[in-house]
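Structure first, commentary second.
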Amino acid sequence: MAAANPVPLAYQSSGEGTSAPDWLNKGDNAWQLTASTLVGLQCVPGLVILYGSIVKKKWAVNSAFMSLYAFAAVLICWVTWAFKMSFGEELIPLWGKAGPSLDQKYLLQQALLPSTGTDFYLPLAPLYPMATLVYFQFVFAAITLILIAGSLLGRMNFIAWMIFVPLWLTCSYTVGAFSLWGGGFLFQWGVIDYAGGYVIHLSSGVAGLVAAYWVGPRLDKDRKSFPPNNVLLTLAGAGMLWLGWNGFNGGAPYAASVISSMAVLNTNICAATSLLVWTSIDVLVFKKPSVIGAVQGMITGLVAITPSAGLVQGWAAMVIGVLAGSIPWYSMMILGRKGLFQKVDDTLGVFHTHAVAGVMGGICAAFFAQPTLCNLFLSIPNERGIIYAGDGHGHRAGLQLAKQICGALFVIGWNVVVTTLICLAIKLVVPLRMTDELLIVGDDAAHGEEAYALWGDGEKFDATKHGAGSPLALTEHDGDQMVNYYVLNVVNNSYVLTAVNKVPTLTVTARNEALGRHDTVVENSKVLDAGSASAVEADIAPAAGLPPTGPRLKAFATRGQRTEAVKKVPTLTATLTARNEALGRHDTGMLEADEQVPNIDEADIGNQLAVVDYVEDIYSFYREAEVQSCVAPDYMTRQANINDKKRALLIDWLIGVHLKFGLMPETLFLTTNLIDRYLSTESVSRKTLQLVGVTAMLLAAKYEEIIAPEVEAFIYISADTYTRQQVLAMEKAMLKTLRFNLTVPTPYVFMVRFLKAAVSDKQMELLAFFLVELCLTEYSMVKFPPSQLAAAAVYTAHHTLGRTPCWTPTLVRHSGYGEAQLKDCSNMMVGFHRKAAEGKLLAVHEKYSSSKFQSVANLAPAVISDGELESSASNARSDAIGPDRSAGSRTQRRKSRTNCAS
């Protein structure tokens, strides 16, 4: 049966029996759709991968999503109104008439750029459907917005970005596209922009810098340390960008022509040359090649050739590549670290890689544009570069340079003004920048998702809102190595690790060093996979009743280690027994039970986090360890340049800093301990003393806080007396001197236990902490161990408030001190209390005079009579209204204690 003749389609204008209109060139159409797809692949997934991998891990999702959103949003805006504004009939010299590009009849007719005609030449009319032209120009518009996003990664409010994309596309991109490509005044004047050096790259670089100014910078910590989270994926994204540029420049002639071939070859020559030049300069200046630098060099080469890719000869493309690898390098690496560029946070340096390279490429077109190639491409012929200025064309060549410069100035000026107005308008509706709280967390806070929800570079992340991930999580490193904060839970009579919070880690075995032995509380617990390079060194820092989260397990892990979701570890009883046997001891370290002394942990028996079975052994260990962590009481005599008064001034200032930063009490006590231990070993000058103090608090905060203040915060609070490099150098020196031993018992851990034994209320707790903090500035109190300071503070608080009895058998049993052992220390505390409001060191008094701390500093001090403490009459109260010993009251007071310590 003979095949039936094909039925002509409705849009076909002629040729009955044909399957395509006469004007359609199938080769041109196929190449144009291919070129469009290549440029689209540059956007998605090319720049999605590149952005998602070149940023810090916590911003991978946000950065990739900004690209994906822009691609989708631009397409809808493009076909709805923006295409005709860029390539339609002229409305004004800057814009075409807006209108939709969705009608079938319009899309299937022959492509036409109606405003590109002149008095002597017909408008451009490619030999394929308008639908092909609409899509081809769309991907150019999309990539321009995605390039702008590169300047704003790591802090822009995503809602603001959603508004920015359609506004900037409408008000800025369409003007550049129509003026230079669509038949506007720059096109008519003869400014050369072969494939988007001005329309795309100069526009995006300038707009990105201006938007970055208005959005504001990233967090200081992120800006100073913003390492790629996956360099291999960065290379993959860069590779897609490079090869996709073949469609970028190869499709610009609107046909599968000889100019397309020339453009593709020149594009690759220039990119390769620029990459090699940039890498070579990196080696010469920084003594090592950089993968990220090579990617930057590749991009600048691709950008620089774009204004003239099909209009220059191969050797000229190589010359442009040399310039593209050196001038933007100098702009980014030297000028980019000074002046305005230092103040404006252009995340990926888009201004340098696109604006600088783009305007440089446009000017190079005025020098190297070959006349024959220009005649083959441009609708206005006889354009030529300066090097071809012979034969009476010198004036015309010089004029071309002026045109290129003026065209660049117009694009720069328009984008500065319009981008500023857009940002100011958006700012009236939503914030341009995320809050600091969101910036600290990153993707999980901004989107509820993370790029590496299960595993990432040796780090494990918490379960996301979608249920992915594991109950254990390791924080990202960011220069300061971090791991998780775990609690022990009882499951089938064994303990399992469960992550609850994140704390900084320092690879220390402080308890072992303090005791001079090498056993560990959890001896080489195999929390890591069997194939891991090293086992976790774990230190149980338990504290039954230790607010706010109870017992803690600090796990120390290195990069590349893979932690299992839940892993059983030996019970603490078995571990402590093994420790004692190894030391040749058979006692458990626990005091003999006293039937007359109530069990202060009775109410916590059902609380798995309180580990009441082991709390006595834990505090027995603390008592052993504190002996090794104390300093000699005369260490200051070995300091030639400072004295006890300078030490007091420093700690008094740090108490104010601690309060201003809102840090945990543990941090303050550990800070003082680190200062004393460092000064007892190293001699420091007066100028260095404050540096020692801020560094000690930085280390203590990293150790104790969930989110520690940044180095810059301590520099700022020190009135910029020290630089970041000085602080980090001191941190390294201090850790070396202290042998990384940061796990030491301070008065805080004992205060928590003794206050529980005292069945204290909030007023007594605050007063006891007030008294013990008064001792921090006093060098004379260094001779007392932390447990004695804590016990004396509780004892003195009882006397000050008139609580009787002041020292009970319960307190004797749990503290290990009798009244006679506390009197000397207590009498000194009373003296400090008496003079607290009158001396020069007022930080503690002012802190505890506030209503937040119930103004306990304003209570009348206890009275010393014949060496004995007596209660102040104004604070005393009788036994009839003394503290309630009921179980319910104890529970309430424990809650009060937890809130206070938190």
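Positions of Cβ are set from backbone N, Cα and C atoms, glycine also.
What TrEMBL lists as compositional bias 'Basic residues' is 891-902.
Per TrEMBL, the feature domain 'Cyclin-like' maps to 652-736 (among others). For the domain 'Cyclin-like' (652-736), the model's pLDDT averages out at 92.
The domain 'Cyclin C-terminal' annotation in TrEMBL covers 745-862.
Summarising the annotation, TrEMBL assigns domain 'Cyclin-like' to 749-831 (among others).
Through the fold, the transmembrane segment (30-52) approaches residues 60-61, 63-64, 66-68, 71, 126, 128, 132-133, 135-136, 138-140, 142-143, 146-147, 149-150, 153, 233-234, 236-238, 240-241, 243-248, 250-251, 254-256, 260, 295, 348, 451 of its own chain, all at least 6 residues removed from its boundaries and within a Cβ separation under 8 Å. Per TrEMBL, the feature transmembrane segment maps to 30-52 (among others).
Cβ atoms under 8 Å from those of the transmembrane segment (64-83) belong to residues 40, 43-44, 47-49, 51-52, 98-102, 134, 137-138, 141-142, 145-146, 149, 152-153, 156, 158, 161-162, 165-166, 169-170, 173-174, 447, 451 of the same chain, restricted to positions at least 6 beyond its ends. Taken from TrEMBL, the feature transmembrane segment applies to 64-83 (among others).
Per TrEMBL, the feature transmembrane segment maps to 133-153 (among others). A Cβ distance under 8 Å defines the sequence-distant neighbours of the transmembrane segment (133-153), meaning residues of its chain 6+ beyond its ends; these are 32-33, 35-36, 39-40, 42-43, 47, 51, 55, 59, 62-63, 66-67, 70-71, 73-75, 78-79, 82-83, 86-87, 101, 107, 111, 113, 126, 161, 165, 168-169, 173, 177, 196, 199-201, 203-205, 207-209, 211-212, 215, 248, 251, 254, 346-348, 350-351, 354.
Long-range neighbours of the transmembrane segment (160-182) within the same chain, counting only residues 6 or more positions beyond its ends whose Cβ lies under 8 Å from a Cβ of the stretch, are 66, 69-70, 73-74, 77-78, 81-82, 85-88, 90, 93-96, 113, 115-116, 137, 140-141, 144-145, 148-149, 152, 191, 193, 198-199, 203, 207, 211, 215, 407, 410-411, 414-415, 418-419, 421-423, 425-426, 429-432. Annotation comment: TrEMBL describes 160-182 (among others) as transmembrane segment.
Annotation source TrEMBL lists transmembrane segment at 194-216 (among others).
What TrEMBL lists as transmembrane segment is 228-248 (among others). For the transmembrane segment (228-248), same-chain residues at least 6 beyond its ends with a Cβ under 8 Å from one of its own Cβ atoms are 34-39, 41-42, 45-57, 60, 140, 195-196, 264, 267-268, 271, 291-292, 295, 298-299, 302, 306, 451-452, 456-457.
According to TrEMBL, the transmembrane segment annotation covers 254-278 (among others). Residues 25, 27-28, 30-32, 111, 124, 126-127, 133, 194-195, 242, 245-246, 248, 293-294, 296-298, 300-302, 304-306, 309-310, 312, 314, 316-318, 320-322, 324-326, 329, 373, 376-377 of the same chain sit 6 or more residues outside the transmembrane segment (254-278) yet have a Cβ under 8 Å from a Cβ within it.
Here TrEMBL flags 290-309 (among others) as transmembrane segment. Tertiary neighbourhood of the transmembrane segment (290-309): same-chain residues 50, 54, 192-198, 200-201, 228, 231, 234-235, 238, 241-242, 245, 248-249, 252, 262-263, 266-267, 269-279, 282, 316-317, 320-321, 323-325, 328-329, 332, 349, 352-354, 356-358, 360-362, 364-365, 368-369, selected by CB-CB distance under 8 Å and a gap of 6+ residues from either end.
The transmembrane segment annotation in TrEMBL covers 315-336 (among others). If one looks beyond the transmembrane segment (315-336) by at least 6 residues along the same chain, the residues whose Cβ comes under 8 Å of a Cβ in the stretch are 265-267, 269-278, 280-281, 285, 296-297, 300-301, 303-305, 308-309, 342, 346, 349, 352-353, 356-357, 360-361, 364, 368, 370.
TrEMBL lists 348-369 (among others) with the feature transmembrane segment. Counting residues 6+ beyond its ends, the transmembrane segment (348-369) has Cβ neighbours under 8 Å at 51, 54, 147-148, 150-151, 153, 192-194, 197-198, 200-202, 204-206, 208-209, 296, 299-301, 303-308, 311-313, 316, 319-320, 323-324, 327-328, 331-332, 336, 341, 383-388, 397, 400-401, 403-405, 407-408, 412 in the same chain.
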Would you list the DSSP helix, strand and coil counts for the residues of the domain 'Cyclin-like' (652-736)?
64 helix, 0 strand, 21 coil
